[in-house]
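K.L.:
So that we are looking at the same thing, I have put the structure below in C-alpha cells.
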Amino acid sequence: MEPFTSHTGVGVPLRRSNVDTDQIIPAVYLKRVTRTGFEDGLFAAWRADDSFILNQEPFRGGSVLVAGPDFGTGSSREHAVWALMDYGFRVVLSSRFADIFRGNAGKQGLVAAQCEQSDIELLWKLLENEPGTEVTVDLTAKTVRAKDFSAAFQIDDYTRWRLLEGLDDIGLTLRNVDAIGEFEGRRPTWLPTTNPVTAG
Amino acid sequence: MGRTLAEKVWDAHLVRKGDGAEPDLIYIDLHLVHEVTSPQAFDGLRLAGRTLRRPDLTIATEDHNVPTIDVELPIADPVSRTQVDTLRRNCAEFGVRLHPMGDAEQGIVHVVGPQLGLTQPGMTVVCGDSHTSTHGAFGSIAFGIGTSEVEHVMATQTLPLKPFKTMAINVNGTLRPGVTSKDVILAVIAKIGTGGGQGYILEYRGDTIEAMSMEARMTVCNMSIEAGARAGMIAPDDTTFDYIEGRDHAPKGADWDAAVEYWRSLRTDDDATFDMEVDIDADALTPFVTWGTNPGQGLPLAERVPDPEDFGDDNAKVAAEKALAYMGLEPGTPLREIHVDTVFLGSCTNGRIEDLRAAAEVLKGRKVASDVRMLVVPGSMRVRAQAESEGLDKVFTAAGAEWRSAGCSMCLGMNPDQLKPGERSASTSNRNFEGRQGKGGRTHLVSPLVAAATAVRGTLSSPSDLD
C-alpha cells in the first residue's frame, strides 16, 4: 500500500444519504477475478443519468467525494472501495460510515474521513457554488480545507498510522506468528474442523 | 463486574491484546468462502508466496453466481463461469473443501455452515459476505469482512480488530399468529435505523427470542447488518444444543458433554451492562413490509405509504422523496393495494426449511395470481431435498410457483434471476436497495407468510387477508 499523507483534488458533492454498496457498485459488476478494472461499475445506475454529478465537468475528474450520512452501508464487497479508487477517488468524506466499508477503505489506502454533518453541508454549498474547487485532506493534521473552509475530521489512530506508513496488515500480524501458534495449542479439541466427516 | 455474551466470546479469542490505539488480534474459528469475494484474496496469497494457514478451518461453496435452473449444464454467462471456475482452481490449489454446483451440500454459505454443524456456540465465524451475522444465532461472534480481510484470515487465521460496543435488543411478549421473526427484525431496523447499530454487536434477548426456533433466530441475526451492526448474537440454550446435536460436525461423546458445559456459560452475566439497550414489544407487532429503498424504511402492512413531508429530519425527508420516486409510489396509498409482479421466496434470510413450510402451508390448495410469477429458491440443496421429501415442491408447483435449485438467486441478481426495470417484487430477502434485484427493479421486503399471501392476491397481503 502506498503511504498517504495529504491529498488535494477536485471535490464532488454527493447529496445523498445511505449510499449503499449496491449503488457504489452493483452486483453484476462483481464478477471480475482481478483487483482492478472496476471503474466502469462505480455508481453505474446513477451514471446512466446525464444529470448525475460525475457526468458533469469539472466533477468528472474529482478525487474527493463529499457524501451524506451512512455511506457504504450494506454488502461487504471491497469492490466498492476498488471501484472508487479505480475511478480516481482518494478520499470520501461523510458524517457516518458503515463499519465494513470503513474497514475495507483503510486496507486499500482510501481515506474514509468522518466529518460533522454541518461541515459536510458547508462543503456541499461551497462545491456547488464554485464547481471545481479543490479540497485538501491532510491526514497528518486530520484536517480538510477548501478555500476559506477548514474543519477537522475523525479517523481512528491505528488506521491513520497504517495509512501514513503505508503498512501491510498481514505483514504486521505475522510478527505475532508465535502467539498465534500458542493460541492454537490452547484451543479446545472439540472445536470443529472442516475435514470431511466419514459416516459411522 | 460481569461480562456480556459478546465480551466473553471476544475474550476467549484474544491472541494478543492491543496496546493503546492498536487493535486486538482475534483468532478465527471458521472461515466461509464463496466465489465472489475470494479470487483476489487467493491471488494475494500467491503473489506474496504465502500459504493458507488453516485449510481445515475453511470451507467453500458456490452460491452468488450460480443459476437455479439447468444446474447440470455449464454456466451460460462466461464471466460468472470464470468466477466459479476460479474458485474451483483456488480451492484445489490451497486444499480447501468445496461444495460445488451439483453437490448435495451446495447452497448459500450461511445455510450450509449451520446445517453441517460447523457453526457452534462461542465461535468466531467470518466470511466475505455481510450476512455472516446469521451465525450469531448460535451465540458466536460472526461478521462479514472485505476481501483484504479474507486474505488476512487465509494467511494468519486471525484479524486485527477493535472491540465492539454492545447493544441489547430486548424483545418480550408473544408474537401473534402470522407474525414471524422476519417481522421482528424489520421492526428493529425501522426503530434504530440503518445506521443505529454501527460499531455495535447486537445481542437479541427476551422471552420472544427464547421462544424462537434456531431457524427463526438465524433470520433475526442475519439482518443485523441492515441495522448497521456487523454482528448480532443470541445466547445459546437447549434449542441451540438440540439443533446442533447429531449434525456432521457436532462434537460427539465426551466432547459433546465438554462442549455443552462450556456453551452453558455463554450468557450475559446478570451484573453486566450494555452500552445501549432497545426494547421491542412483541405483543404489538404485526406483519411488516418495506416501502422504500433501505431496510429501515418499513411499516406495518396495515399502514399507508408515508408522506415525505411528515419526516421531521431533512435528510430523512429527502431520502423518502427519492425512495418513493424510485419505487413509483404515491404517499397515502394503502400498502395492501401495492401490486407486485414477482414474489421471491429464498435467500440466506428466509431460504431454510421452516420458511418453505410456512409458505407452502399458505399456498396449499391455492393458486399464485395469474399476473404474478413466484420463484421458490431453497437456501441449500439439502433444504431442497428435505422439502421434496415432505412434498412441498408439489405444493409450490401446483400453485403455479417455480421450484428452483439452491443459491443466492434473486436476492442480489448476480445470476439470471433478476427483476426487469420497473418490475416490483415482494421478496423474503434482506435488501431493498435500488437495483438490488435487477437494474430498475423495486423490492418490498417481507416474511415468507406475507410472500405467499401476496403471491395469491397479487398485492401485498398477509395470510389473514386470504380468509
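Here the Cβ of each residue, glycine as well, is placed from N, Cα and C on the backbone.
Keep in mind that this is a model prediction, so the values were computed, not measured.
Heads up, here are the entries from TrEMBL:
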type	residues	note
BINDING	B:CYS348, B:CYS408, B:CYS411	[4Fe-4S] cluster binding site
REGION	B:417-446	region 'Disordered'
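Describe the structural context of these features.
P.N.:
Sequence-distant contacts (6 or more apart, same chain, Cβ under 8 Å) of B:CYS408 ([4Fe-4S] cluster binding site) comprise B:ASP63, B:HIS64, B:VAL66, B:ILE108, B:SER347, B:CYS348, B:MET414, B:ASN415.
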K.L.:
Within the same chain, and leaving aside B:CYS348, B:CYS408, B:CYS411, name every residue whose CB is within 8 angstroms of the centroid of the CB atoms belonging to the recorded [4Fe-4S] cluster site, in sequence order.
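P.N.:
The answer, listed by sequence position, is B:ASP63, B:HIS64, B:ILE108, B:HIS110, B:HIS131, B:GLY346, B:SER347, B:THR349, B:GLY351, B:GLY379, B:GLY407, B:SER409, B:LEU412, B:SER429, B:ASN430.
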K.L.:
Need the DSSP three-state call for B:CYS408 ([4Fe-4S] cluster binding site) to compare against my parser.
P.N.:
coil
K.L.:
List, in sequence order, the same-chain residues at least six positions removed whose CB sits under 8 Å from that of B:CYS411 ([4Fe-4S] cluster binding site)?
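P.N.:
Listed in sequence order, they are B:PHE344, B:GLY346, B:SER347, B:CYS348, B:THR349, B:SER427, B:SER429, B:ASN430, B:ARG431, B:ARG436, B:GLN437.
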K.L.:
Mind giving me a neighbour count for B:CYS348 ([4Fe-4S] cluster binding site)? Other Cβ atoms within 10 Å of its Cβ, every protein chain shown.
P.N.:
28
